[in-house]
Structure formats: structure tokens, C-alpha cells
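Swiss-Prot has this to say about the protein:
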- His14, His16, Lys100, Asp248: Zn(2+) 1 binding site (BINDING)
- His16, Leu17, Arg18, Asn42, His137, Leu220, His252, Ala264: substrate binding site (BINDING)
- Lys100, His137, His175: Zn(2+) 2 binding site (BINDING)
- Lys100: N6-carboxylysine (MOD_RES)
- Asp248: active site (ACT_SITE)
Amino acid sequence: MSARLTLLRPDDWHIHLRDGAALPHTVADAARQFARAIIMPNLVPPVRNADEAEAYRQRILAARPAGSRFEPLMVLYLTDSTTPDDIRRAKASGFVHAAKLYPAGATTNSASGVTAIDNIFGVLETMAEVGLPLLVHGEVTRSEIDIFDREKYFIDEQLSRVTARFPTLKVVFEHITTRDAVQFVQAAGANVGATITAHHLLYNRNHMLVGGIRPHLFCLPVLKRNLHQEALLDAATSGSPKFFLGTDSAPHAQHAKEAACGCAGCYTAFAAIELYAEAFEQRQALDKLEPFASHFGPDFYGLPRNTDEITLVRTEWDVPASLPFGEQVVVPLRAGERLHWRLESNA
């Protein structure tokens with residue numbers, strides 16, 4: 001087994017950077033390894049139009065480390081009040097690359113999300129016309145639906161309707177977690193892709209629940225049983241261009257995770273590519289990591305692939321117990337444990 005792995009610099013097609021005092025920390029972690037990232041818009045208040053996207057973009061650019069060329073790719077947050085004109089202006093901006101569907105109540109800061117998919121059909125039609133991709137948090141939120149089944153219900157009740165009605169609309173089914181989602185994406189047209197997180201490749205619900213609740217593995221969509229984890233690993237290492245890297249790195253302060261009602265989200269951006277390398281190595285598929293991390297995402301979005309490279313070295317290192325997060329700290333995934341790959345510091 002080689003002790004070094006060189007690949008085109010990857011991009012992250014789904015990340016949460018948060019805002020304010022946290023930005024210098026989250027942006028630095030992302031910029032260390034990624035050239036570009038799709039920036040989630042679920043701030044308070046959310047990023048609803050091109051003007052708000054530009055303001056957030058400028059805050060991110062100001063937080064970049066000295067000399068960094070990290071490029072934030074901005075996203076609009078769809079609401080029941082989003083208009084076709086909002087979409088046209090976003091597309092014309094050149095810096096908004098997608099719009100995000102959060103079903104109301106599905107995840108962090110989603111209260112302003114879409115209450116019924118039919119409410120935005122006019123907006124989706126405009127998105128298809130102008131070529132602005134739709135990003136989807138794929139879960140229903142009805143209280144009678146078991147949390148482990150919400151992704152499948154979303155496919156059957158909503159996503160299948162969207163892809164049938166708008167066959168030219170580019171759709172990214174984000175952070176998929178089930179075999180059902182893998183099969184849906186595989187069967188769909190070339191306009192439908194999916195991101196897969198490192199934590200859903202490395203863990204299943206037993207890791208979160210057996211022997212005690214591990215709050216730093218709690219995320220939404222929640223970890224599923226191991227048969228779904230295996231389906232995700234098969235998809236990520238298959239070489240299919242429909243599946244690409246999206247960390248869904250979602251930091252929360254330590255006190256907000258380690259609480260009676262803890263927040264959902266795993267912080268992985270500090271070592272994202274190392275975590276993916278570990279998952280791919282477990283499948284003896286390190287040769288498939290570069291296409292998944294560096295080729296298929298930009299290809300789907302119609303953007304050029306990066307030209308510079310990064311190098312991973314196979315060496316063990318200890319993950320810190322916590323990392324700075326504004327005036328708070330965040331507990332990263334695998335805190336206090338060891339990782340087996342490390343990005344060269346001069347990459």
C-alpha cells in the first residue's frame with residue numbers, strides 16, 4: 001500500500017460555514033483542502049436573494065486565510081415567497097450556483113423553508129429554464145413518519161414528482177443516507193446527482209446508539225442501519241459520476257451538542273478529505289477517491305476541474321478534543337481518536 005496519495009484538489013459540494021466570529025475558523029478548515037465549496041444558506045435570517053448572497057459571500061472572502069484562493073459558491077434558500085425574478089437575478093449574478101429546498105422543519109434553521117413542494121413549482125420551472133440547480137434536503141417532516149423513514153417517504157411523495165415534472169432541472173439529492181436514495185439516483189436521468197458525506201460512509205446508527213448516545217454522531221438526516229451504509233459505500237466507490245463529495249460539515253458549539261436536546265450536525269471540515277480517504281481505503285478503492293472528490297462535482301455543475309493537486313500521507317495523528325469556534329469551541333468528528341491519513345501541510 002502506498003504511503004502517499006496525490007489527487008487533483010477537491011471541492012466540497014455541501015458545507016455549512018456559519019457566520020460571524022465562527023467564519024475565520026470554518027473557512028480556514030475548508031480552504032486548507034478544498035478549492036471551492038457550495039455554501040449552505042440556512043443562516044438566521046436565511047440567504048434568500050442575490051443581494052443577501054453577495055453580502056454573505058463578502059463575509060466569507062474576508063475570513064479567508066492570507067493568500068487563500070478559496071471560492072465560495074453561493075446558494076439561495078427557497079421559501080414559499082421566492083419568486084421567479086429572484087431566480088433570474090441569482091443566475092445572472094454569476095456567484096449564485098444553486099437554490100436549496102429545505103422542507104420547513106427538516107433541519108437546522110429550516111423554519112422558513114418550503115411548506116409544500118407545489119408552492120414553488122413556478123420557481124422550479126424558472127430554475128430549469130435558466131439552468132440553476134436545485135439542491136434538496138430530502139426528508140418529509142410529518143410527525144407521524146418515523147425519522148428513519150423520512151428520506152424514503154420524501155422520494156416517493158415529493159422528489160419523484162419534481163424530477164418527473166421538470167425533466168431538464170438539475171437536481172442534487174444532498175447527503176443521501178439510504179439504499180432507496182442510491183437506487184433512485186441511479187435510475188434517474190443524468191440531470192440528477194447526489195452528495196455523500198464522510199460520516200455516513202464511516203458510521204451507521206449502531207455507532208451512535210450502542211453503548212451510550214454519542215451526540216457528536218447525531219446529524220440530519222440521521223445515521224441509518226448498516227445495510228444503507230453499505231449501499232452508500234458501494235455508490236461512492238462505484239465510479240458513477242452521479243455521486244460526489246459533499247461533507248455536510250455542520251458545526252455547533254460544544255454546549256449545543258452535549259445537551260438534553262442537542263443540535264444535529266457533525267463537524268468534519270477540519271479533516272474531510274482524510275476521513276473520505278479512510279472510508280475509501282476500507283473498501284480498497286483509493287483509486288476511486290479522486291473522481292468522487294475532484295471530478296464528478298464540477299462536471300455535474302458545469303464548472304472546470306481544478307488543476308492543482310493535494311497530497312495525503314499515510315500517517316497516524318490524534319484528532320484534537322476541541323477546536324476554536326468563535327468565542328466557543330466545537331468538538332470535531334473523531335475527537336480524541338486517531339486518523340490514518342493526513343493532508344500535507346504545504347499542500
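A Cβ is built for glycine as well, from the same backbone N, Cα and C atoms used for every other residue.
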The correct three-state DSSP answer for Lys100 (Zn(2+) 1 binding site) is strand
Taking only the Cα atoms, work out how far Lys100 (Zn(2+) 1 binding site) lies from Ala264 (substrate binding site), in Å, as a whole number. 18
Not counting His14, His16, Lys100, Asp248, residues with a CB within 8 A of the CB centroid of the Zn(2+) 1 site are Ile15, Ile38, Met40, Asn42, Leu135, Glu174, His175, Gly246, Ala250
Got a sec? Which of these binding-site residues, His14, Asn42, Leu220, has the most Cβ atoms within 10 Å? His14
For Leu17 (substrate binding site), write down the residues of its own chain that are at least 6 apart in sequence and whose Cβ falls under 8 Å from its Cβ; none is a fine answer. Leu23, Thr26, Val27, Ala30, Ala37, Ile39, Met40, Ile60, Pro72
Nearest to Asp248 (Zn(2+) 1 binding site) in three-dimensional space, by Cα, is which of the binding-site residues His137, His175, Leu220, Ala264? His175
Return one of helix, strand or coil for His14 (Zn(2+) 1 binding site), based on DSSP. strand
Under 8 Å Cβ to Cβ from Arg18 (substrate binding site), same chain, six or more residues apart: give me those in sequence order, or none if nothing qualifies. Thr26, Leu43, Pro251
Helix, strand or coil at Asn42 (substrate binding site) [DSSP, three-state]: coil
His14 (Zn(2+) 1 binding site) to His175 (Zn(2+) 2 binding site) - Cα separation in whole Å: 8
Between Ala264 (substrate binding site) and His175 (Zn(2+) 2 binding site), what C-alpha distance do you get in Å? 13
Show me the subset of Asn42, His137, His175, Leu220 whose Cα is within 10 Å of His16 (Zn(2+) 1 binding site); these are the binding-site residues I mean. Asn42
Neighbouring binding-site residues, C-alpha within 10 angstroms of His175 (Zn(2+) 2 binding site) - of Asn42, His137, His252: His137
